[in-house]
Amino acid sequence: MEPSAEEKGKDNRAANLLADAEGRIGMPWRVLLGWMSFVAGLGLAVAVALTAAGYGFPTLAQQVMLAAVTSGVAVPLIYLLRRYADRRPWSGLGLTALPAGVPYALLGAGLLFAMTAAALALGSLLGWLRVTGLHLPAETLLVILVNVPIAFFYEAFPEELAFRGYIYRNLNTRLPRWLALVLQVVLFVLAPVALLAMLIAAGLGSWDSLTAEYILTLIFFGTALQLSRILSGNLWMCIGYHLAWLETVRYIVVPGDGAIVEVEYLSTNGYLLIHIGTIVLSVIALLWWSLRGKKPPVDWKGTEPDEGKGSREFGNKEAKKEA
């Protein structure tokens, strides 16, 4: 007795989850492997840093270790997945060479700084905060200079490559843009949750550190970064925005005379406006750009098959090896 059309359809869908028409592992598994690559890099980095702290290594050395191990593990794993699991060119992730990416990085940083200025103005108008001074302290500038490469290799570069690059690119091959964006944000939030769960299992953490403010920040942050990637087509915009936000909330717009923009928070709303409100304003600006400013507007229901240049090249190379 032959299987019915419905049974054949179910079999085909199950087969597509395991492998596609080209014999590659299914998209859901590639996404999962990409997520695990980042979590593995981050988890190993934290383990190394905690071990170093136990041996009395200074904080700066621990931060360098975090950066080196996270990028040193996650980035090569993503590269191997892209080449051997996706069988697609690296360029399909939107990561161009640095000279071509600099304008996009500046665009991302400029967006964040513009939204921060808007948040400062709004907070002052509402009486939530007060700008008490503008400074250029040499010590703070030196700290920023040291922190930028650490933040780049520990946070901005591996996170953007994994989530806004690899994971989103695979999701959008089969799912509409809006859903790929949402699922990317979910996976972005789950990464630190998974890390915290591992630390708790090892007796090194507690769920108290997983606050509503932190989760909310991750949700809006992941959304703003993915919108930047979709609209610009370049990961460097995400990296520039990411780095600018980190330096802003850590060193640039903070209370104290060591800040570049010294602020006094008159209420909790003022603090939240700078830390989360700037990202929310960015999301609003980027959504407006996607719907009104960009020509043509973004097709949020559309998918983008990953059939970029070089997919045949990978296949040809493999065929030659077999021959």
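Backbone N, Cα and C define each Cβ position, glycine as well.
Remote same-chain residues near the transmembrane segment (32-57) are listed as 25, 63, 65-75, 77-78, 81, 85, 154, 158-159, 162-163, 166-167, 170, 187, 190-191, 194-195, 198-199, 204 (criterion: CB distance under 8 Å, separation of at least six residues from the stretch ends). What TrEMBL lists as transmembrane segment is 32-57 (among others).
Residues 30, 33-34, 37-38, 40-42, 44-46, 48-49, 52, 57, 90, 149-155, 157-158, 161-162, 165-166 of the same chain sit 6 or more residues outside the transmembrane segment (63-81) yet have a Cβ under 8 Å from a Cβ within it. Residues or ranges marked as transmembrane segment by TrEMBL: 63-81 (among others).
Taken from TrEMBL, the feature transmembrane segment applies to 102-128 (among others).
Summarising the annotation, TrEMBL assigns transmembrane segment to 140-157 (among others).
Summarising the annotation, TrEMBL assigns domain 'CAAX prenyl protease 2/Lysostaphin resistance protein A-like' to 145-245.
As annotated by TrEMBL, transmembrane segment applies to 178-204 (among others).
Summarising the annotation, TrEMBL assigns transmembrane segment to 210-228 (among others).
Summarising the annotation, TrEMBL assigns transmembrane segment to 235-253 (among others).
Among the features that TrEMBL reports, transmembrane segment is placed at 273-291 (among others). Listed as Cβ neighbours of the transmembrane segment (273-291) (distance under 8 Å, sequence separation of 6 or more from its ends, same chain) are residues 111-112, 115-116, 118-120, 122-123, 128-129, 213, 216-217, 220-221, 223-224, 227-228, 230-231, 241, 245, 248-249, 253, 263, 297-298, 300.
According to TrEMBL, the region 'Disordered' annotation covers 296-323.
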Inset, instruction - Go ahead and report the DSSP secondary structure tallies for the domain 'CAAX prenyl protease 2/Lysostaphin resistance protein A-like' (145-245): helix first, then strand, then coil. - result: 90 helix, 0 strand, 11 coil
